[in-house]
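Below is one structure, written out as structure tokens; the observations come after it.
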Amino acid sequence: MIVDLPNTTTAKVSKALVKIREEGGAVALGRVLTLVIATEIGHEEEAIEAANDASREHPMRVIVVSHGDDVGEAGEPRVDAQIRVGGDAGASEVIVLQAHGAAATDEEGLVTGLLLPDAPVVAWWPGVAPAVVSESPIGRMAQRRITDASSQPDPLSFLQHLEKTYAPGDTDFAWTRLTLWRAQLAAVLDQPPYDPVIGVEVRGSEDSPSTGLLAAWLGLQLDAPVSHEISKRGTGSSGIHGVTMVRRSGTIELERPEGNIASLTQPGQPVHDVSLPRRSLRDCLAEELRRLDPDDLYGEVIKRGLARLAAPVEVASTSAPAKGLHK
Amino acid sequence: MPVDITPDFNPLRAPTDRRLNRIAGPSGLIIFGVTGDLSRKKLMPAVYDLANRGLLPPGFALVGFARRDWEDQDFEKVVYDAVKQYSRTPFDDDVWRQLAQGIRFVSGTFDDDAAFEELAKTIHELDAHRGTMGNHAFYLSIPPKSFPVVTEQLRRSGLAAPKDDQWRRVVIEKPFGSDLATARALNDVVESVFPADSVFRIDHYLGKETVQNILALRFANQLYEPIWNSNYVDHVQITMAEDIGVGGRAGYYDGIGAARDVIQNHLLQLLALTAMEEPVSFDAKDLRAEKEKVLSAVRIPEDLANFTARGQYSGGWQGGEKVLGFLEEDGMNPESLTETYAAMRLSIDTRRWSGVPFYLRAGKRLGRRVTEIAVVFKRAPQYLFEASQTETLGQNALVIRVQPDEGVTIRFGSKVPGAGMQVRDVTMDFGYGHAFTEASPEAYERLILDVLLGDPPLFPRHEEVELSWKILDPIEEFWATQGQPEQYRPGTWGPESADAMMAREGRVWRRP
């Protein structure tokens, strides 16, 4: 069910929600968190879809605050709202607030009255993030703040920016997209031989912030020299291309040339195919919502891991990934 | 300086890292009795679901062993069909192809030495080419009478003995014997080949999220523990009801009965989790220590005639369907004395539970399918209210719904709106499906993964099995002298003697 409330206020939206709940039964029971999505008018749907999907795992109230280019301008200040429940909202209830003109200047005031009582607040900027997320009006009221480096104009320098502005509770999808890679690499080291890793090489495309974070994480945890090689977009695929971990007993290689299947090469073992799909927005969001306390490891990686990493080396883009370490 | 790596320390698993799942190491799962229902409906789909969730290693193999003239491809087709039909997660071609590469089949009977040579050859070939690295779990989804021959074959063919840095485990399913003596004999057979810590006894109830949640509910909250004792609790009712009859299991069920089938394992495990003291950690040994402590303090009633009850379902109409009575079931011995309903009053000799009876009941062809634990509290002193005002107020209760509709219900009194002060029972409900809508993993997914990871907390140890038989054996011996069990109509809540047993102490069974 979709209810449109043109030219409205937060109080009216709140009243409408209660009315819908009374008429339709207990729609809002069991909500475990409020997700605030801050975006621009016209960019709401993709994020809402991901949130609705993720609500199958985490029933929540979703508040989408969007504004156009006219924030604070002289035009008519007004707020248009839309409430979606039931089949149009997965297991969540979605409130879309489109703010125009001066009404868009106070996001905090817009949202506060609609937050669920006593439930955690997660903020998500699917597009361009504010300068310092933890100090932005919506960021201040949230326990977790999710940005997405890959949707910034310059993803790699955005990582540097995150490093400077990190506050506990921040997180970025560039990190979430790494989880499957990290799990595979960790699983390899669960097995014998228990031999230290003395060198690491991470390869990815130049616009992949995840590759940088993977290099930073490996360097930080293994305390080994890490080389981070990037290749120009246009050849090869986007994102992470591969990881090499060098040990005295042999070299471990996890390569994903293209598609969803990576190959894992280890000494003394047959080459394995590993399903390593690119993660959807829904998967990333659902994973972020699983823990609502600060991700300290991400904090470490972004503050200390990136700092100890040498600048990425650009390699000639060939279809075969360079293998500098074991030449 | 590169960080050292040891079997107990993996630098890529920082304690602060909450995102990484444990993926099982390279390993193979060998299923005996692979043509059975359990294997097709639960084990194969669970293996696929684990693979789909990325929790199985790339070097994983699934080997079927059965008396069928199948090639690998035939078995692969059987697994494929089972996965398509029963898996919980969506079907993914990439995942399936990856998994299918490791599927093998060995044809033979349990007494056929050559078949086990073939199995050993297949496993060594998998170690070399699939990369299972000599780690294997043998799942005995077969009748216990075949355990001796299969375990002996595994020993003889050298499959039970791992080399360094490898492991071999054996997984067995209930029934773990039919009394203390047979349970011991069975255990001796298995443990003569596999060391005790390599034996994984599956009680699939312990893999259920709601059962694990009993620990969270009791020990992560401040709300319940202070009242979780004889000062406040009047009694506890643990129910496991099925609405179906024995059907095709008639042959198995005759001579087993409800008590041996489910009370000995599932219900006593639920009792142990409900009644045990707080363990010092969730490690397997600490958890088992507490469970064993409380099971060893369980006492059966002195008056077995009055404080146990049993019954057999008769034929009749259940929910609009004509159903056969237990004695008329296809293949059933018409003079069977086996009970399809069992109830008993147990007490626990600890300070915490002094004077608090635990009523257990289990049965087939009952009102509906439900498993729940109801902790019923003492009535508050009611001198403020007149009797007429609280007539419809029952005892406060906390009900843990294990299945279906998993969740927790609290029942308490509330004022009825309007003039005057009338108090009536209301409920406060927590549903797993409301607060966590993602379908929980199947119990078998969790348990198979734990076997491959070598993580034992959810598997009962032989000591627990022995303790529960010690509780049940005297009751079974008494029942054996009592002749025909009382008949009850299908679709009801059991025989009248069970209600009479409660009434003797002024209590009634909850209608679940």
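Glycine too: its Cβ is placed from the backbone N, Cα and C atoms.
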Per TrEMBL, B:His204, B:Lys208, B:Glu242, B:Asp261 bind substrate; matching candidate in B:Lys121, B:Lys145, B:Lys322, B:Lys364: B:Lys364
Proximal residue to B:Lys364 (substrate binding site) among recorded positions B:Arg67, B:Lys174, B:His266 (C-alpha distance): B:His266
Same-chain residues at least 6 apart in sequence whose Cβ lies under 8 Å from B:Glu242 (substrate binding site): B:Gly363, B:Lys364, B:Arg365, B:Leu366, B:Arg369
Binding-site residues compared (B:Arg67, B:Lys364) - highest count of Cβ atoms within 10 Å: B:Lys364
Distance [Cα-Cα, Å, rounded] between B:His204 (substrate binding site) and B:His266 (active site, proton acceptor): 8
Overall pLDDT of the domain 'Glucose-6-phosphate dehydrogenase NAD-binding' (B:30-213), taken as the mean: 92
Cβ neighbour count within 10 Å of B:Asp261 (substrate binding site): 24
Cβ atoms near B:Lys208 (substrate binding site) (within 10 Å, other residues, all chains): 23
From recorded positions B:Lys208, B:Asp261, B:His266, the one whose Cα lies nearest B:Arg67 (NADP(+) binding site): B:Asp261
Euclidean distance between Cα atoms of B:Lys174 (NADP(+) binding site) and B:Asp261 (substrate binding site), Å: 8
Taking residues B:His204, B:Lys208, B:Glu242, B:Asp261, B:Lys364, which bind substrate in the record, the widest Cα spacing (Å, whole number): 21
